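For reference, the structure discussed in these notes is given below.
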Amino acid sequence: MPKRTDIQSILILGAGPIVIGQACEFDYSGAQACKALREEGYRVILVNSNPATIMTDPDMADATYIEPIQWEVVRKIIEKERPDAVLPTMGGQTALNCALALEKHGVLAEFGVEMIGATADAIDKAEDRSRFDKAMKSIGLECPRADTAKTMEEAYKVLDMVGFPCIIRPSFTMGGTGGGIAYNKEEFEEICRRGLDLSPTNELLIDESLIGWKEYEMEVVRDKADNCIIVCSIENFDPMGIHTGDSITVAPAQTLTDKEYQLMRNASLAVLREIGVETGGSNVQFGINPKDGRMVIIEMNPRVSRSSALASKATGFPIAKIAAKLAVGFTLDELQNDITGGATPASFEPTIDYVVTKIPRFNFEKFAGANDRLTTQMKSVGEVMAIGRNQQESLHKALRGLEVGATGFDEMVDLDSPDALTKIRHELKEAGAERIWYIADAFRAGMSVDGVFNLTNIDRWFLVQIEEIVKLEEQVKAGGFAGLTQDVLRQMKRKGFSDARLSKLLGVAESEIRRLRDQFDIHPVYKRVDTCAAEFSSDTAYMYSSYDDECEANPTDKEKIMVLGGGPNRIGQGIEFDYCCVHASLALREDGYETIMVNCNPETVSTDYDTSDRLYFEPVTLEDVLAIARVEKPKGVIVQYGGQTPLKLARALEAAGVPIIGTSPDAIDRAEDRERFQQAVDRLGLLQPENATVTTMEQAVEKSREIGFPLVVRPSYVLGGRAMEIVYDEQDLRRYFNEAVSVSNESPVLLDRFLDDAIEVDIDAICDGERVVIGGIMEHIEQAGVHSGDSACSLPAYTLSQEIQDKMREQVEKLAFELGVRGLMNTQFAVKDNEVYLIEVNPRAARTVPFVSKATGAPLAKIAARVMAGQSLESQGFTKEIIPPYYSVKEVVLPFNKFPGVDPLLGPEMRSTGEVMGVGATFAEAYAKAELGCGNVYPEGGRALLSVREGDKQRVVDLASKLLKLGYKLDATHGTAVILGEAGINPRLVNKVHEGRPHILDRIKNNEYTYIVNTAAGRQAIEDSKVLRRGALAEKVNYTTTLNAAFATCMSHTADAKASVTSVQELHAQVQASLKA
């Protein structure tokens, strides 16, 4: 059946901001769907609130709405655009839930919009736990013993049936939010209450524990003629009990017998037929009891998922693209497989002759007090994928691609310490983020494969692979450097050992190992991911390295530019950097260069096989990048776009003769190295907060007496504010040195005078050596002291005077010329008492670039990439700053609900995972839209609680009167109440927790408040008020931890976020019109 002609326009629902459990894999699927549907001539309308996505670029869809993904707002878009159909399977749980709400509220019926890709009934049948259970029984498949509960009473009835331990999962949530494993009554009570609260339908599924069972996933695609293919089987290295998003996974499945595989394959197809998925991709999860082979079905997702992004990258089969085409009526046999250049149809199941390993990336160090053990609730923030010819090579490459400082199976424990074995046993039994390294330590300590299996339930086949790696390491150590013969070295490289790991084992420099490989002529060759195990020739240059015989890279002799990606997502380095890498590649491709992408993150658009001319799916480490450069010989390499990951390699690459284009590694160092930067600033006569660099605690104390408190303290060279703190007194400073950092001559600590209450400003600019053009000036809403990545911001500025802005423009220009920037530069300022202080300069792409590009319509990353390749700004027609005739506000999304026990106070350490954007004619409207996009819905009126720090007491009176005007009743804690009383406002007095009951927490728990403003400064005050913020979070009360955000919230009450919708294309037309005027 060819495509449908009865529909002309299709609305695609995006996934919104990046949160734990729902990351940039949906930008990848959404961007593919837009491309696929426009290719077929449909008009595509897209809604997604996340500006840091490729899919919201103005040329990806015909009409793009960066608006909150909420049914009332989407109804406005449907009313305006009148699409014929809506495709809800590309935007994760957010899109599914929104589509179901549109259906439930009659919006689809009202405007005659058809749901394609999945029916409301199929979504409901897969997501509603009790319906799913019945459906599985009807086709003879077993589910875990389970039942649903809507109250605590019902929950206890289910418990009687399943017993302890049991697994609790809320319905219609994502990434296991709110779920957990209960081993006793107390835990059961706590998890159930939390789950009932977090499920949109207030429903839980409680099932028998399958902890220790093996877990598998099948990625299935089905069309309406009932053709089904399995794209990929995935096996979880970690057994059941750990969320599959937090598990190490391997594809294809390694430990299934052929008979088991066929059983599972048939079961997956039966599931899709029964649920009624007619068009597109689904993922089906199974559990197998290793003791008796009993197989149960755990769940299925009737949409494109995190696993489908992984399966697409693992096989080269573009699931989202195919799913989008199936949704408009095509069948699999009518679609061509791009990778084999159309030699095979999409109805051929991919076959792969390599092993793929995915390892999740965690960020527990950012959440002091978080429970860092892995359970059924997802906690990882990103992932890395690696491809190898065998399991050991694949595993090794994934470990070094993670960028957690590992070069392979590095030792975690000092085996001579008395409690080494106790520590190892604990880490094996109670899995944390680092269990795989502890497994290697267990073998080093003499544990047997069975001993490790009994503690972990990880299949013995995987354990034997790790045991062998440990044995090989012992042999290398015993043989010493002289024992590295050509044969030994080649064998080690085939097993995936990195030069860095071998150098560690032998105690020589990494360059020594590289020299030896050159001498023996041992270099990696590149194999192609071709979907067909090399049975047909592949047109697509999608490569991975191995130490095999035949190289399939076949490089061309065109002019090439290589872009280094950012590796796995993590807090502080996320999708924004991938967005820049993709833009660099697209722009340079348009200009006729051959572009080469190097990256190892399976969720992203940059690792899509048709984003660049050639894709190398490899870890972004010095060894791997040098090997690719040796084969490809690029004219230039871009290191400034992937965040800190490629930037760290700049000097070493340059030293090895790799040509870095754009800002030179030396200039990058001048901005990053404190002392060299200081010299540049002094030469230009710019103002900086007083600061000092220290290498001992004594020095720090001495300097602090000169500079004065409060101080911002941090280690040098860091992204996302790791281990950064504001200290208020000497005792605090000493504690920081004892607890937070190891300070030394190699790693000094920086002290800066903290400008309390200053307004922070971010400026992105491009310099081509002749001129500097400002991309945008963003005024932060949270005051200085909150990490810029965690602060909301407005473009244009909403309170700063023209005079101050001009002062900053002038300084940016001077700095760009002084540092010799070629390409993008990000500068941060703080404004206090009409003085402009320079905080820092980053001569690279910053995380604000996508937001500025969407707000102004100027594609900064593309323009700057062309500058790096030698074009001037003038030749590109970008010569002056664009100030849009509307306001854009970026707001961040924080993951605190996943980490009970962590203080949600914003500070200098970055902890947000994603962002949304709101646009409006006024600042108030833009801010209101951004808040709605984050899901912060502020009720009209109610009761507000004010409890503020000393420094905020002057301004709190103004805030209180604004809240009264908006119809709020006021409560305040003692200090704040006294100030308000003096101003003639008499709030109700509430007790702090240690002042007797009923206290603040009691009132929060009784749902007395609709809004809480709490600011705190100083170690003790922050500690004392932590229970207040945790309470607000737990009871879902809106709260702000800065006064500026509270004032912005008051302003936003005057605007209606749902009143109007405007597409990006219309906004950019307004910009163009204002430029002509």
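Keep in mind that glycine also has a Cβ here, set from the backbone N, Cα and C atoms.
Feature annotations, reproduced from Swiss-Prot:
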- Q285, E299: Mg(2+) 1 binding site (BINDING)
- E299, N301: Mg(2+) 2 binding site (BINDING)
- E299, N301: Mn(2+) 2 binding site (BINDING)
- R714, R753, L755, E760, G785, V786, H787, S788, Q828, E840: ATP 2 binding site (BINDING)
- E840, N842: Mg(2+) 4 binding site (BINDING)
- E840, N842: Mn(2+) 4 binding site (BINDING)
- 133-328: domain 'ATP-grasp 1' (DOMAIN)
- 678-869: domain 'ATP-grasp 2' (DOMAIN)
- 1-403: region 'Carboxyphosphate synthetic domain' (REGION)
- 404-553: region 'Oligomerization domain' (REGION)
- 554-935: region 'Carbamoyl phosphate synthetic domain' (REGION)
- 936-1077: region 'Allosteric domain' (REGION)
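H787 (ATP 2 binding site) falls outside any helix or strand according to DSSP and counts as coil. A separation of roughly 39 Å, to the nearest angstrom, links the Cα atoms of Q285 (Mg(2+) 1 binding site) and H787 (ATP 2 binding site). If you measure from the Cα atom of H787 (ATP 2 binding site) to that of N301 (Mg(2+) 2 binding site), you get 36 Å. Residue pair L755 (ATP 2 binding site) / N842 (Mg(2+) 4 binding site) shows a Cα separation of 20 Å. A simple Cβ count within 10 Å picks out one of the binding-site residues E299, E840 as the most packed, and that one is E299. For the recorded site, L755 (ATP 2 binding site), the DSSP three-state label reads coil. Cβ neighbours within 10 Å of N301 (Mg(2+) 2 binding site), excluding its own Cβ and spanning all shown chains: 24. For Q828 (ATP 2 binding site), the spatially nearest entry among the binding-site residues E299, E840, N842 is E840, judged by CA separation. Distance between Cα atoms for R714 (ATP 2 binding site) and E299 (Mg(2+) 1 binding site): 45 Å, as a whole number. Each residue in the region 'Oligomerization domain' (404-553) gets a DSSP state, and the totals come to 79 helix, 11 strand, 60 coil. A separation of roughly 44 Å, to the nearest angstrom, links the Cα atoms of G785 (ATP 2 binding site) and E299 (Mg(2+) 1 binding site). Annotated pair E299 (Mg(2+) 1 binding site) and N842 (Mg(2+) 4 binding site), C-alpha to C-alpha distance, rounded: 45 Å.
Neighbour density for R714 (ATP 2 binding site): within 10 A of its CB lie 21 other CB atoms from the protein chains shown. If you take the C-beta of N842 (Mg(2+) 4 binding site) and look for same-chain residues 6 or more apart in sequence within under 8 angstroms, you find A671, M825, N826, T827. Neighbour density for Q828 (ATP 2 binding site): within 10 A of its CB lie 19 other CB atoms from the protein chains shown. Summarising the ATP 2 site geometry, the residues cited as binding it (R714, R753, L755, E760, G785, V786, H787, S788, Q828, E840) extend over a maximum Cα to Cα distance of 18 Å. When pLDDT is averaged over the region 'Oligomerization domain' (404-553), the result is 96.
Here the Cβ of L755 (ATP 2 binding site) has 21 other Cβ atoms within 10 Å, regardless of which shown protein chain they belong to.
Here the Cα atom of N301 (Mg(2+) 2 binding site) is found 45 Å from that of E840 (Mg(2+) 4 binding site).
Summarised by DSSP class, the composition of the region 'Allosteric domain' (936-1077) is 73 helix, 22 strand, 47 coil.
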